[in-house]
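What follows is a set of notes on a single structure, which appears directly below.
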Amino acid sequence: MKTLLLTLVVMTIVCLDLGYTLTCYMNPSGTMVCKEHETMCYQLIVWTFQYRVLYLKGCTSSCPGGNNRACCSTDLCNN
């Protein structure tokens, strides 16, 4: 009986996902876990002077305005 109760407690903690944090893609590659106040992922497209495209990605607390910017709020959504 104690084993069953312990199993239920552990499963409840796992399923509640306490302390959820957002995960975003970052530059130059890979992923990052955002800080608690960073609630969005962003992707910024920058054109260099040689007409090359540079993609900047990461976590942000607010979405910057303007063209060539995209923000989202789910895990790994800034691909």
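Glycine too: its Cβ is placed from the backbone N, Cα and C atoms.
Annotation comment: Swiss-Prot describes 1-23 as signal peptide.
Under the three-state DSSP scheme, C41 (disulfide bond) falls in the strand class. With a 10 A radius on its CB, C41 (disulfide bond) counts 28 other CB atoms from all the protein chains. The disulfide bond annotation in Swiss-Prot covers C24-C41 (among others) and is backed by similarity to another entry.
Here Swiss-Prot flags C34-C59 (among others) as disulfide bond. Cβ neighbour count for C59 (disulfide bond): 21 (other Cβ atoms within 10 Å of its Cβ, all protein chains included).
Using a 10 Å radius centred on the Cβ of C63 (disulfide bond) and all shown protein chains, the other Cβ atoms total 15. The feature disulfide bond is assigned by Swiss-Prot to C63-C71 (among others), with similarity to another entry given as support.
According to Swiss-Prot, the feature disulfide bond maps to C72-C77 (among others), an assignment based on similarity to another entry. DSSP assigns C72 (disulfide bond) to a strand in the three-state reduction.
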Cβ neighbour count within 10 Å of C77 (disulfide bond): 17
Using Cα positions only, nearest of the disulfide-bonded residues to C71 (disulfide bond) (C24, C34, C41, C59, C77): C41
Residue, out of the disulfide-bonded residues C24, C34, C71, C72, whose Cβ gathers the largest set of other Cβ atoms within 10 Å: C24
